[in-house]
Amino acid sequence: MLLAIDCGNTNTVFSIWDGTEFIGTWRTSTEWQRTADQYYVWLSTLMKFQKIDVEITDMIISSTVPRVVFNLRVLADRYFHTRPIVVGKPDCLLPVDVRVDGGTAVGPDRLVNTVGGYDLHGGDLIVVDFGTATTFDVVSEDGAYIGGVIAPGVNLSLEALHHAAAALPHVDIAKPQKVIGTNTVACMQSGVFWGYVGLVKEICARIKGERAREMKIISTGGLAPLFQQTEDLFDEFHDDLTMHGLTVIHRYNKENN
Ligand SMILES: Nc1ncnc2c1ncn2[C@@H]1O[C@H](COP(=O)(O)OP(=O)(O)OP(=O)(O)O)[C@@H](O)[C@H]1O
Ligand SMILES: CC(C)(CO)[C@@H](O)C(=O)NCCC(=O)O
Ligand SMILES: [K+]
């Protein structure tokens, strides 16, 4: 069975794929110091707790944090006796082209989202991922990753305000009732929430303009539903788009490598 690992700058998600569906998904904070032994204790405990008794034979990793890959490789070797596929490494084949400036190391999560989105919807897509950063990945008609946009993430924007301004507290994102905030927290939430609604609309409109064609907008990441409930920003939301993309890349490598 496949263990798919999506390692972002804030959180790392482990999912087990049985070939048809994900039978378990667990999340931990991303820390490059975490050792293979620590991962194993954590994962095996959670698997036992959910009575998931399966043998992991394959592993695929997407990591936006290069340093964590070493210990995940040790995990694969020591506990599962397998060599992981690492997205972005030369020996990992991708079922889509990447058309960007020479020397650009595109984030593996963006490549995986491109593959996952293309598999589910075909081409001419904008994939919006609300993680540590908010990324827009532009997928051409033939499924290639042709570039995109990187904006500061929602939580990062709120944290930046808190850190840089002595009188601004730590605030969690929420949809404000009105645009005009009548207290500090409401003002901050309004700036980030409505600012983000505008950001998403403007960027998507400009991408469509530059491409001069209609494009489907799909979203993923924990905060996408919060925005979707207000305005019709996206055509579709997929909670596990990155994980889906990892299973597609794994299958492609098994068949072609
Ligand atoms: N309604 C909500 N309000 C506030 N935070 C939320 C809400 N729903 C989800 N979140 C948070 O949104 C964040 C986004 O999760 P996601 O997995 O997409 O990205 P991440 O883990 O923060 O970033 P990365 O993948 O870059 O590490 C998570 O930290 C999650 O706890
Ligand atoms: C933009 C992030 C941080 C989003 O997770 C990641 O995809 C990344 O580190 N990208 C590298 C630069 C690029 O994608 O062009
Ligand atoms: K993510």
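FYI, residue positions are counted from 1 along the chain as it appears here.
Here the Cβ of each residue, glycine as well, is placed from N, Cα and C on the backbone.
Feature annotations, reproduced from TrEMBL:
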BINDING   D6, C7, G8, N9, T10, N11, T12, V13, T132  ATP binding site
BINDING   G107, P108, D109, R110, T184  substrate binding site
ACT_SITE  D109  active site, proton acceptor
BINDING   D129  K(+) binding site
Next on the checklist: Through the lens of DSSP with three states only, how would you label D109 (substrate binding site)?
Outcome noted: helix
Item to check | Residue with minimal Cβ packing [other Cβ atoms within 10 Å] among the binding-site residues T10, T12, T132, T184 | outcome: T184
Item to check | Closest of G8, T12, T132 to G107 (substrate binding site), Cα positions, binding-site residues only | outcome: G8
Checklist entry - How many neighbouring Cβ atoms, not counting its own, are there within 10 Å of the Cβ of D6 (ATP binding site)? => result 28
Item to check | Residues that sit under 8 angstroms from D109 (substrate binding site) by C-beta distance, when 6+ apart in the chain | outcome: D6, G8, S62, T64, D129, G131, T135, T242
Checklist entry - Rounded to a whole number, how many Å is the Cα of T184 (substrate binding site) away from the Cα of T12 (ATP binding site)? => result 32
